[in-house]
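Following: one structure in structure tokens, then a few remarks.
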Amino acid sequence: LSFAATTPVLADRKKYPNFFRTVPSDNAVNPAVVKFLNYYNWSRVGTLTQDVQRFSEVRNDLTNELEKADIQIADTESFSNDPCVNVKKLKDNDVRIIIGQFDENLAAKVFCCAYNLNMYGSKYQWIIPGWYQGNWWEQANSTNCTTKKLLTAMEGYISVDFEPLSAKQIKGISGRTPQEYEREYNREREQKGVEASKFHGFAYDGIWVIAKTLTRVMELLRHKERHDMYHNFTVDDREVGKMVLDVMNETNFFGVTGQVMFRNGERMGTIKFTQFQEGQEVKVGEYNAIADILDLINNTIRFQGVEPPKDRTFVRLQRRQINVPLYSILSTITILGMLMAGTFLFFNIKNRNHRLIKMSSPYMNNLIILGGLLSYASIFLFGLDGSFVSDKEFETLCTVRTWILIVGYTTAFGAMFAKTWRVHAIFKNVKMKKKIIKDQKLFIIVGGMLLIDLCILICWQIVDPLKRTVEEYSLEADPQGRDIAIRPFLEHCENTHMTIWLGIVYAYKGLLMLFGCFLAWETRNVSIPALNDSKYIGMSVYNVGIMCIIGAAVSFLTRDQPNVQFCIVALVIIFCSTITLCLVFVPKFITMRTNPDAATQNRRLKFTQNQKKEDSKTSTSVTSVNQANTSRLDGLQTDNHRLRMRITELDKELEEVTMQLQDTPEKTPYIKQNHYQDVNNILSIRNFTDGKDGEKSLKNHLEQKPQAQWGSMDPSRISRGPLEDINSPEHIQRRLSLQLPILHHAYLPSIGGVDASCSSPTSSPASSPHHRHMPPSYRVMVSGL
């Protein structure tokens, strides 16, 4: 029986079957430590052990106890002399609860390292042996830390050791309470001048264990002898030894060290917990191994923070989401843009038969508005994330918003592209042939672009659909200073071959955009009152192209910043859609409000500078004539405009008379003949007003044709019937030349139409001498729209 041997090695019953001890083993503290950990719900710890057998045995037993209690051992470190490297590893592994097994000499080094690594305070809890000598830190001289630093790092540590004397005021087997025994022991010790030992109570209880064991064994022997029928009772040493072991295992009494009991030779004692508070050890609780109860003294444990330390850095997942105020602001702006687009759509539909709107292809304008509305609508979808919708709905959202944005972009940009292509095709026609490009052909172009988009999107959806993926970022400190770490995460719409699909879409849209910008540049100087939005369409193509390139690049670079990314994408969409719609419809709206008849007032075409250069290269002589007559032509433009207005009025009257003649065949041929003669004279006026001699040539012509001839009859025409003469091919072609509803029916010199120098609308431009000698820049359209 030992009262001071605490080494765990002696607990091996195979090697030491007859060994008992009244002092608890070093391993006896491990169940108490596990109980203490469970009390504070600490399920993750780390161990730091001095590399000697005594501490290694304790650590091995502690590991088994922790595994039984389902407590995770995050890291196990052992050291011989310098613990700083091992302490650093514990910190790197985010160990907050550290169970140490080392003597007091190395304890100072450990806490010095902890101080240097900032592993103390409210975030950490150290649990170390409690059998160190008093003020052990003052004798430590092997560290670079001052006593103040050591005390700072040591503040709040928990020490665990067996209880040398019971705190219960109960009289034990000796007839004394533990307190009475301690006073008597100290008095006797002081009289004899003997130093105190913390094992004296275990020695005292050990004497009582031996006394009670021997007494009990002798009682058993006398009892057997008394009941032996042959009265020759004998017993050998082995039997006596077995009786002693049995009685020792049955020992159970209250001594000065508490309840004395053995389990497989190990003392089931009481373990005390103390805490280092402001430079001194304070008892905060005890663990009764017999009852397996942890009893902590109320309000004695003081942690550095407002609550016990956490056993790990609790990571709180935080979604990087769109800021609600930002989403609200951009959504409000988007709604205003959609209201503006709706206003333009109403304006375009309402005035679709007006010449100003009709000449600019109102149906194509409707497509531009529809594409803008779809682009606006995608902004609402891009601002939604997992905080508003479920995971499954988010995956659906990924597909829907991609489709809406791509289709909306293609619809709007395709319509602008088609209109720009038509202008380019007309005014860059080098063969000078009449070009008839109707809206149906433009719809086919836009439909083809949409068909390509649908093919790409359908293949994308079938082969490799978009799915919700979560990207986690590095830990961040809690902005409120709490003992938690923030791990931001962001939801993305991705698939396996995202780069390939984006490359296909970007390549297709990029080529289309480049071609659109090229067409816009080629037609940059075209200004056609009849095609009153060609210049603005070109500006819109530039706007969309440049902003989409910038938006795509910046959006990719701000992928991990959802607020910035959403703001940029939304602003790019809003800017492109709003500017495009305003460029296309605001000029029309202003013109309709201020000058509704502007579409019929100016018919003169302004050719591009490139076309002028091409024409000048064909005839250097014509160029010199142009330069000489420029000033003279400017003076005649006023008269030219006045005469044109008169021609327009005569056109209207001529059409009314022609329709009346067609409806009233009983009219005399004389009236019709006068009418036809008037037509020829009117056309002659056109020819002279458009010639380079202008008003002078007109006067000479009028002098040669007396007024009486205006109503003279052509005998060759009298013989024809009324309807036959009116519907002759010559007159039908004349009427068509006078009624040009849209641009592609106009007879323009640049596309082989009637020139102002021709003698009649049906004559050939090539046969007219004026056509050969008139500079191209002075040719004008003569027919009213």
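Each position is counted from 1, following the chain as shown.
Quick reminder: no glycine exception, Cβ is built from N, Cα and C everywhere.
In TrEMBL, annotation is done automatically, which means it is predicted and not curated.
Between the listed ranges 44-65, 682-703, 704-725, TrEMBL ties the annotation region 'Disordered' to 704-725. Of the given residue ranges 106-127, 326-347, TrEMBL assigns the label transmembrane segment to 326-347. Between the transmembrane segment (541-557) and the stretches 326-347, 400-421, 498-521, Cβ pairs under 8 Å are most numerous for 498-521.
Per-residue pLDDT, averaged across the coiled coil (633-660), gives 72.
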